[in-house]
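The following features are taken from Swiss-Prot:
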type	residues	note
TOPO_DOM	1-12	topological domain 'Cytoplasmic'
TRANSMEM	13-30	transmembrane segment
TOPO_DOM	31-168	topological domain 'Lumenal'
ACT_SITE	Ser44	active site, charge relay system
ACT_SITE	His83	active site, charge relay system
ACT_SITE	Asp110	active site, charge relay system
Amino acid sequence: MNLRLELTRFLNLCFALASAFMFWKGLSIVTNSHSPIVVVLSGSMEPAFQRGDILFLWNRNELNKVGDVVVYEVDNKEIPIVHRVLREHVDETSGKQLLLTKGDNNAGNDIPLYAKRKIYLHKEKDIVGTVKGYIPQLGYITIWISENKYAKMGLMGLIALSALLSNE
């Protein structure tokens, strides 16, 4: 085993991982969103967005309008929610924008999804970003990998095997 070759492979892997991380962080800074790309996980926004669509977010707009599709996070829930702004207003005391949302495919608004005793989302605190573009169905790959433990193990095995067999 050539130590220099193995060290070069390891450093190339570290460089690739660091580059991907820097790209993600750079995109986060440009979009002002800690998660600038998300995958739709449910059918609550059909027909506008299907399960598996990849959404690109932007969070530099000052105010959201009724009809905007936003991604928001709720306290104590890990998965962000993609829904449309149903109603908006500015709180007179704080000057902050408050939003009420609803999934296009849902019967009622999202108040039951919000934290206890909360009837509006705070733009600055709860909104991850506004949807500015999407790629249909490409996110199914991530859904399939996350929901299928054998797919995870197979992918990890494939990565390990390719690292072991590479002759560069």
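For all residues, glycine too, the Cβ spot is worked out from N, Cα and C.
From a predicted model like this one, the values you see are computed outputs, not experimental measurements.
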Exercise for the section: Report, as a single number, how many Cβ atoms besides its own are within 10 Å of the Cβ of Ser44 (active site, charge relay system). Expected result: 19
Fill in the blank from the handout: Grouping DSSP H, G, I as helix and E, B as strand, the residues of the topological domain 'Lumenal' (31-168) number 33 helix, 39 strand, 66 coil
Problem - For the topological domain 'Lumenal' (31-168), the mean pLDDT of the predicted model - result: 91
Problem - Distance [Cα-Cα, Å, rounded] between Ser44 (active site, charge relay system) and His83 (active site, charge relay system) - result: 8
Fill in the blank from the handout: Secondary structure of the topological domain 'Cytoplasmic' (1-12) by DSSP, residue by residue, totals 10 helix, 0 strand, 2 coil
Problem - Intrachain C-beta neighbours of His83 (active site, charge relay system), sequence separation six or more, cut-off 8 angstroms - result: Ser44, Met45, Val69, Val70, Tyr72, Thr101, Lys102, Gly103, Asp104, Asn106, Asp110
